[in-house]
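What TrEMBL lists as domain 'Ig-like' is 7-119, 223-288, 302-387, 493-586, 792-880, 1002-1090. Residues or ranges marked as domain 'Fibronectin type-III' by TrEMBL: 595-691, 693-788, 889-984.
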């Protein structure tokens, strides 16, 4: 796909790139049917958020709503350069794609835009030089092969042309002007045989002139655009104001309703669509008789934004993955993409919509699914990363060896990390099959093998093998055979306690929550008495969670659901008359550890963070093997695992985070028993990096103890921004840097004070933000702290080098810069005297002085002298200020001569010229009859003039205004005498008066117009009539005369006739007519009134008249009125 060619100049833009754009789309010319791509690149290094790009055609058409096969969009982001690349592709360009385009990029308070043009060229068809060659056919196989070939005939014609030369004729010009019935004859005369090709080419050459409409004065616009939920109106204007129109939508007639409102005003017809929605995006027609006017309405949806962004997901192979986001509107369309490919519903992916919530589901994650997933709407986008780890199975609880006696129950139990894992049980390498005594169960993560009524053949090694994993768990079942031996009656008691399987002597380790059952065999004759004790407390309960079960030769100590409080020293004492025996044992309860404590962030980088925490206070009775970490974005509920292998240290560096986004962390502790509860969330932290070093550090000014510095901000700022700058200095040759400011400064300039005089110093500046100090920007050359002498010099602005003129009352603010070191002494004088006028303000800084007058007066005029002095060196400048005002009136205005229709005037200049030159005079005249003043001359420069074209018989007086640069004088000077223009002896013959005949028959100048009204709402119909003498007016409804019904009010105002109908009902609809009658004739107009809906206050006014034949009631009302 070719990209847009870069022209020499960019219409609507500058040659240099400004604002946010790194690369702008360029104007191009493309051939119809080809593809074209426009590229725009935006630098986001200074932006806190992702920029929002819009592609527009013209001023308003958002191309994002037209995305599809014809217009396609693409977006990419380079993490290294932090540049977003936006592409817009137009597939198979058509003529309608030509025009002006605009792309806008916005990000918070920043905005930039650029324009470009698209020109569409028609496909170039090669035409033969000789027009007749277009209709040849060639071939060697005979008459039917190839194209027609009349070359032999053309050669004969050329020979004939040599004998009888003819003028060159353009056949196509003849055909364009000829009638269709003559086409065949002209083609025969000029040797054209392909009539079908002739007609095709002639059709392309002829331009179809737009047909003038007989019904429409103004048709519908080509298209209308409206935002969703807004109102739009379509207008047409008709030749005939009384004609009826129909409105169609996609070929179906529209009926008036609250949504579609029809309006009829004169010859203007309007269709209003209220609360537009996507169903209103259609083609519309306005039909008048046989003529139609077409248009198309485009309904633009408001941009759909993403209110809840995607979260990163970290899963194991085979787990279910869900990416979830929320958008601003229900039912909005979103697009899911991965690696530039759109994801659709198939066996692997499922896409769910629930109101504003949209979810992408991957049923079973694989390694191939790793990558970045994007969700797009027409107003935003979001992305989330999927990380898939190889599947590893963790054994949370292994099976333990059992020693069981005959007829008892043996149960092997283990727990693994995955609830979905299934497995098989083996005994001595042979798979165990379930039966009446043997049962296998799988509940969640726990797998059990239960053997009831244990028999000697059940003794052996039992193994559990999870399917799909190279792992096995083994334990041994020891069958205890009970032997009965003869014991003398006086046998002292004996405790047969075996704790060898527990690992350490007389110590029993129990996992919290498990059941402990310790069966102790006791011998002795007679049967000894058994006593169990924990410390000094006797355990005598026969029921409950901790209990003792005693039989003749067996005592069982049982703890159901072992708890941490059950841990301690236990003793069993057996006694009988023959003696006593005692045994001590220790019960140790092991559990998952307590959660780690005090999780905190110790430091951050651009995309990393260092997290540390304290070990748990209680390790669960087993050593801590390590820790598992999780993180999430602030405000999100989805936690992402950071490691699957336990991490032994208490300090961890989290990576692959997004700069500028707040995160939270939590930690799990792991021991041999299992995983602890999660720790408390850390305080939110933001991965962020310090800025780059400031640039262009230079010295602006140096004195005996100070140095003024200035610099430019860092080139790379990042999401943390710049909180301020720290300035440091040190002596040349040393490395002991001293901070010049304790608190960071916001501006890019700073004056370092308290420096040692005469020393050579180096300066550097560092930028500060939440991430810390940036690298320093150090001045390459040292600076000697010594004030530089500079001669005083006044830099007088150009406008003050000539006379400075202002009007009375204006504000004067003169800023005059100067230079000199040390600071010069500034002094002002006016006309050689010290300036003591309190209305003149003087303010002086180190670099300039300001003379300020709030309201100028004429006495402020004069020569102001400014002097700047350092010791015996001085510079002066004079400023001439002139305050001007309007002039006074002229003096002694006189009419010096009168002749014919002319009068000569003279006067003297005014005494007060307004402190400036008089630029002219304005002379006005007035005659005694009307006393109206008319201007004779403006800007007359001389103090005299001649007034011409005066009217004979009138007496004139004159007045004169003086004028300067402020305008005309407020006062005027009147002439002391007048000019009388005498009459000559003329005789006027008055013609005889002939009265004009104004008689005319009635004629309506404005007709009645059809109306559609709502029942219950008052309305009026009106028309206008012209007649002389006065016409008699008759109003009728359905050809019946309307009388003096209070429901109807008839008015006549200067020939404008109005019939007011108060709160019409359904029966008031019909045909209304108005007839005007006088002695010279009559005229009549009519209209149709349609009443819709049911009025709640409809009243029926009727007068009843009994008819002898039909016994019906009719309205017999008559009104006579007269109009001018």
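Please read every residue number as a count from 1 along the shown chain.
Placement of Cβ uses the backbone N, Cα and C atoms for every residue, glycine included.
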Please figure out which one of 223-288, 693-788, 792-880, 889-984 racks up the most CB pairs under 8 Å against the domain 'Ig-like' (7-119).
-> 693-788
Under a Cβ pair cut-off of under 8 Å, which of the recorded stretches 302-387, 595-691, 792-880 contacts the domain 'Ig-like' (223-288) most often?
-> 302-387
How do the residues of the domain 'Ig-like' (223-288) split into helix, strand and coil according to DSSP?
-> 3 helix, 36 strand, 27 coil
Taken over the domain 'Ig-like' (1002-1090), the model's mean pLDDT | 91
